[in-house]
Amino acid sequence: MTTFTKLSDQDAPSISIHPARRLSKINPNIYAGFTEHMGRCIYGGIYDPGNSLSDENGFRKDVLEALKELNIPVVRYPGGNFMATYHWIDGVGPKEKRPARPELAWLGTETNQFGTDEFLKWCEVLGTEPYFCLNFGTGTLDEALAWVEYCNGTKDTYYANLRRKNGREEPYNVKYWALGNETWGPWQVEQMTKEAYAHKAYQWAKALKLLDPSLILILCGQDGTASWDYYTLKQCLLPAHSPLSTSTVPLIDMHSIHLYTSSPSHLPNVTAPLAAERAIEITSSLIDLARIENGVPPDQHRPTICFDEWNVWDPIRAEGSKGAEESYTLSDALAVAVFLNVFVRKSKDLGMACIAQSVNVISPLMTSKDGITKQTTYWPLYLFSKYMRGWTISVHLSCASYEGETSPKWVRGVKDTPWLDVSATLGEDGYVNVAVVNIHEEKDIRSSIDGPSGTVSVFTVTGERVQACNMNGKEEVAVTESTWEAREQFVFPKHSLTLLRWKLA
């Protein structure tokens, strides 16, 4: 949580850090990823058999190494819009017997050479947990139950035995399952009304939890501010009666929301992620309202928010039908850093956040047949995932604000837009970590900082211009390391992310 006092441009900025005020534990899953059968994310991205850079499984070793550096705790799969016509059974068993299918989300052909077992093996190699999305378009409840049985079944049953036949004796124990993806969208195969979706989601959730009560089920929301979100929460945050007792059990564990932002102008681009902060606040209130109206006991699990698609994406610059291969700038990297600051500030309400996507498709990593490129957006992800963990702590910021146009326009009307965007954490290791984005394109900002003492480690992400880019063989944006003596004021460079880190005395 960051409180804010607005100053004039002539007043001296200040930042006060309060490590003793631990506000909420940060769920490591806010640094989750996403891989979809879209463009070159899977084929030619994480899976590239025959390439000299791939291992015996066909997994790109350079991609694995770069993703391991991000400490990704969970990866969502296999979609996305792709999921609405995907049938998991096509992607298991001998590869020569797997059918190729027309793919309707991105108008391609799905060969099914990479499926459930390959993805789960890849997760084990990466050291991450899987998060599966169920087919709410052309899929059936029987198909969904069979997939859970295939992944998690321990008994002598058909799909558990099919998994064993395919070479995996022990269950995978997949915990996270989404009840569809963007089923409200007109681009979806089998678009649904909120009434139809809520009824279907509740009934599926009952059956899934009967099969495996340990599942963590994620409801399909919109952007957190829509009537869809309120209606589905109200209808689905109803406890179900257990068939074996008189008690009731909650069915929904998280509510999913999505947001992509972009603007060709720097300042609207870097302030746009503040829309995510307002969306989290509104969704949190809708969860509470649904629980109150439904009479949910206060000691029963309160669902958290699963922000399972977020990123900077300009669909004109990077068309989805052409693989959505973005070439990210420093401005985009700073927007990603503001997103991450939002997630740290709102950690109390967040159970997960998945950047879309992990490789090649609107991604911090781009592959070629000869290697990988770490885009500008890789570096804020690296710093936050490495250091911004533990507890969110209280910060008070005093500085001037950006007063221009935002995208969306309503952001400036409901959120403060200070020149410095700040979050702070206290790690399990006793270190205080403060992330500060100076969104100003032209002005370094000198600020006093109340909290640190002695020598402070400084990590900086910046470049000569906001349009600096790491593609085409250039590396114009990376992390630099330095130190700062805390008795002095600190100068935050123009258009930069700075992470300050010191041991709490």
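Each Cβ is built from the backbone N, Cα and C atoms, and glycine gets one as well.
According to Swiss-Prot, the feature N-linked glycosylation site maps to N152 (among others), an assignment based on sequence analysis. Long-range C-beta contacts of N152 (N-linked glycosylation site), restricted to its own chain and to partners at least six residues apart, with a cutoff below 8 Å, comprise P171, Y172, N173, V174, D212.
Within 10 Å of the Cβ of N181 (N-linked glycosylation site) there are 28 other Cβ atoms, across all protein chains. Residues or ranges marked as N-linked glycosylation site in Swiss-Prot: N181 (among others).
Secondary structure at N269 (N-linked glycosylation site), taken from DSSP and collapsed to helix, strand or coil, is helix. Of all Cβ atoms in the shown protein chains, 24 besides its own fall within 10 Å of the Cβ of N269 (N-linked glycosylation site). The N-linked glycosylation site annotation in Swiss-Prot covers N269 (among others).
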Distance, N181 (N-linked glycosylation site) to N269 (N-linked glycosylation site) (CA atoms, angstrom): 26
